[in-house]
Amino acid sequence: MSNRTFTMIKPDAVANGHIGGILNMINAAGFRIVAMKMTQLSAAKAGEFYAVHKERPFYGELVEFMSSGHIVAAILEKDNAVEDFRKLIGATNPANAEEGTIRKKYAESIGRNAVHGSDSDENAAIEGDFFFSGLEKF
Ligand SMILES: Nc1ncnc2c1ncn2[C@@H]1O[C@H](COP(=O)(O)OP(=O)(O)OP(=O)(O)O)[C@@H](O)[C@H]1O
């Protein structure tokens, strides 16, 4: 079990002024931020990041949305990081997300759902490298 996961605060939450609120929830849950940056994905980069969903009907909408505005990408550290962070963000569809989760509080819909969280240790490492590769040491 790795102690790191990767997250993005998505364009809806950034545009609606929720970066601070979401980071507070992340800190309060015991995660340490080891790398973080604000950036905007090109459609090509968003498509690459979500390539596993290429065949899904919502792929075009997802890529358009994820490249529509600024995002905040971060690597987080905590014991059991991947699983605990998935619990903290809540269900993909905010209608099914539990009280106390980030998506319950900040997500607008299944597409505009405020945050991303890696679903495995392997993907956490791949996704972290996607944004923070090479020269940076953390
Ligand atoms: N039916 C849908 N309509 C529109 N967008 C969707 C739909 N299902 C999923 N998505 C979008 O695709 C993303 C990836 O879907 P996935 O099933 O991997 O959910 P997730 O693992 O909870 O989300 P994420 O990977 O962003 O943490 C979702 O977060 C959501 O933004």
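Here the Cβ of each residue, glycine as well, is placed from N, Cα and C on the backbone.
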Of Arg4, Arg103, residue recorded by TrEMBL at the ATP site of Lys10, Phe58, Arg86, Thr92, Asn113: Arg103
Lowest local Cβ density (other Cβ within 10 Å) among binding-site residues: Arg86, Arg103: Arg86
Site with most surrounding Cβ atoms, counting all protein chains shown within 10 Å, from the recorded positions Lys10, His116: Lys10
Cα-to-Cα gap, Thr92 (ATP binding site) vs His116 (active site, pros-phosphohistidine intermediate), nearest whole Å: 9
